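K.L.:
I have a structure here, written as C-alpha cells, and I will follow up with some questions on it.
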C-alpha cells in the first residue's frame, strides 16, 4: 500500500492514490490537515517519547481525549457486555426465544458494522467533532429507550438503533487520533494501545456496570445507568475533543452538505446493510424455522448476492466506502484475515460464557460480572505491555502469540462442565482470551492507521471496525444456530451442557482459523521514531532505517 501513496508538498498540497491501470483519484490536502495537530517537525531533536500534539492545549486534555477515543471504540462492546449478563432476566421478563435473546447483542454488532463505513465518510465531510457528539448523545437517548422495552420487537429494534449510534463515534475518534499522532513514536504507541483496549475491555466493564445496577434495582436500571454515563461522556467530549477536520478550514457547512450528497456512497451503504442483515438473520433463524424453508433460502441467496454486488460496486464507484486499492497491501489483507476470526471467537465465547453462568450455574448478574472482572484487570496490564513492545518485538510474533492464546482459551471452555472449578477453567480462559484480543488489536490498529493518508483516517477506522463488528454479528448468528440445533435433541435433555459445548467448539474452530493466514504476514516492528518505517519487515531489520516511500520502491 505504501507504494500506492505519493505526496507532493505544495500549499495546498495534493495527494494521488494511484490504482492499477493508471487510474488516479486526486484529493486535496490543505495545510490545516497536518500542522494544526502534528507535533513540531524536528527530525533531529525529536525525543523518543514524542512531543504532545499541538492540537491539545494541555496534557490533561490529551489524556481526556484518549479516554474519549477509547470509550468510543468500547461503546458497542460495552453495551453488548452490559446486555450479555442479564439476557436470562430480559428473556424471562419479555418472553423471548433464544434467537430473539441473541439479537439483543447481534443487532447492535450488525448495525454498528453495517453503518461504520458510511458514517466514516459522513464524519470526514460534515465534521468529525459534530458527528462524534451526535453519536454520543443519541446513544444515551436510545439506551434510555431500551430501559422501557415491553416486548421482544421493541428490544431488538432499539438495540439495532444503538448500533448505529455506536457506529457514529468510532471513525471520528480514529480520524482525530490519526491526525494528532501522525508521527510514529512511543507516545503514539501508548495512545493507540489505550484505544485498542476499548473493544475487548468494553465488554467486561459493561458487564460490571450492568451487574451492579441489576443487583441494586433491576435489569432496566442497567440501561438507565448507561444513558446517564453517556450524557456525562457527551458533555466531557464537548470540551476535550479537538476540532481537527478533514475538510479545508473555513469551508461553509452548506458547501460540505452538498459535497456529502454528491459523493456519499448511498448504494454501497444500502448493499452492506441489507446484505449483512439478511445473511445474519438467515443463519440465526435457520435452526428454528428450518434450513429448507423458502424464506431462509431466499434470505441466504439474496444476502450473498447483495454482498457480491457491494464488492463490484466499490470497484466502479468513484467515491467508494471501501477503496479497493487498500486490499493491494499484502499485510493489511492478511492481518485482517488473521485477526478477524480470533475476534469473532472472542465475542461468541464471551456471550455464551455469560449465558452459561446465568442459566446453568444460576449466578446472579453481579456474580457473573465479578467472575469476569479478572479479564478487565489483565486486559489493562496487557495493553500497557503491548504499547511498550510494539517497536521492540516482531509484530508477527505478537499475532502468533495472540492466536495461540485465543485457541487455548476456547479449548478450556469447550472442555468445561457445569461443576468445573472456576479457577481451573473460566479464570485461565478469561486471562488467555484477552491476551489475544489486546495483542491482535494493537498490531492491527497500528498497521491500519498507516494504510491510508491522514485525511482518510476516519475511513480507515471505519473499514477496520466494520469488518470486526460484522464478524461479531456473524459469529453470534452461527453459534446461536449451533446452540439451538443442539438444544432440541434428546442428548441435550440428558446433558444440558451439550448446547454450550457445541457453541464453544465453534469458537475453537474460529480461533484456529486465525492461524491460516499468519504465515503470509510480513511484519517486523511498528511505531519507530519519525522518518522510520512503521512496519519494518524482518529481512530489513539489520539495515538502515528506511522511509515508507522508500520501502514501497524496494518492495516493487
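Going from the start of the chain as shown, residues are counted 1 onward.
Placed from the backbone N, Cα and C atoms, the Cβ positions cover glycine too.
Keep in mind that TrEMBL annotations are predicted by a computer and have not been checked by a curator.
For 539-556, the entry in TrEMBL reads compositional bias 'Basic and acidic residues'. Per TrEMBL, domain 'Major facilitator superfamily (MFS) profile' is recorded for 57-526. The region 'Disordered' feature in TrEMBL is assigned to 1-45, 531-556. Annotation source TrEMBL lists transmembrane segment at 130-148, 154-178, 190-217, 223-242, 263-283, 295-313, 334-357, 363-385, 397-416, 422-441, 462-483, 503-521.
So where do these features actually land, and what's packed around them?
P.N.:
The list of residues near the transmembrane segment (154-178) in space but at least 6 beyond its ends in sequence, with Cβ under 8 angstroms from a Cβ of it, reads 37, 65-66, 68-69, 72-73, 75-76, 79, 83, 90, 94, 96, 100, 103-105, 107-116, 119-120, 122-124, 128-129, 131-132, 134-136, 138-139, 142-143, 145-146, 191-192, 195, 241-242, 244, 246, 449, 454, 457-462, 464-465, 469.
If one looks beyond the transmembrane segment (190-217) by at least 6 residues along the same chain, the residues whose Cβ comes under 8 Å of a Cβ in the stretch are 66-67, 69-86, 89, 173-174, 177, 181, 224-226, 229, 343, 346-347, 350, 354, 364-370, 372-373, 375-376, 379-380, 383-384, 386-388, 390, 434, 437-438, 441-442, 445-446, 449, 468, 527.
Same-chain neighbours of the transmembrane segment (223-242): 37, 55-56, 61, 64-65, 68, 71, 78-79, 82, 129, 132-133, 136-137, 139-141, 143-144, 146-147, 176, 180, 206, 209-210, 213, counting only residues six or more beyond its ends whose CB sits under 8 Å from a CB of the stretch.
If one looks beyond the transmembrane segment (263-283) by at least 6 residues along the same chain, the residues whose Cβ comes under 8 Å of a Cβ in the stretch are 106, 110-111, 113-115, 117-118, 121-122, 125, 296, 299-300, 302-307, 309-310, 313-314, 317, 319-322, 466, 470, 473-474, 477-478, 480-481.
If you look at the transmembrane segment (295-313), the same-chain residues 6 or more away from its ends with a CB under 8 A from one of its CBs are 265, 267-268, 271-272, 274-282, 285-286, 289, 320.
Sequence-distant contacts of the transmembrane segment (334-357), counting only residues of its own chain at least 6 positions beyond either end whose CB sits under 8 Å from a CB of the stretch, comprise 77, 80-81, 84-85, 87-88, 102, 105, 109, 199-200, 203, 207, 363, 367-368, 371-372, 399, 402-403, 406, 409-410, 413, 426, 429, 433, 436-437, 440-441, 443-444, 447-448, 464, 467-468, 471-472, 474-476, 478-479, 483, 500, 503-504, 506-511, 513-518, 520-521, 523.
Taking Cβ pairs closer than 8 Å, the transmembrane segment (422-441) reaches residues 196-197, 199-201, 338-339, 342-343, 346, 349-350, 353, 371-372, 374-375, 378-379, 382-383, 386, 398-399, 401-406, 408-410, 412-413, 415-416, 511 in its own chain, all 6 or more past its ends.
Long-range contacts of the transmembrane segment (462-483) within the same chain, counting only residues at least 6 positions beyond its ends with a Cβ under 8 Å from a Cβ of the stretch, are 73, 76, 80, 98-99, 102, 105-107, 109-110, 112-114, 116-121, 163, 167, 170-171, 174, 199, 272, 276, 279-281, 283-284, 286-287, 321-322, 326, 336, 339-341, 343-345, 347-348, 351-352, 444-445, 448, 499-500, 502-503, 505-507, 510.
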K.L.:
What mean pLDDT does the predicted model reach across the domain 'Major facilitator superfamily (MFS) profile' (57-526)?
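P.N.:
Average per-residue pLDDT within the domain 'Major facilitator superfamily (MFS) profile' (57-526): 84.
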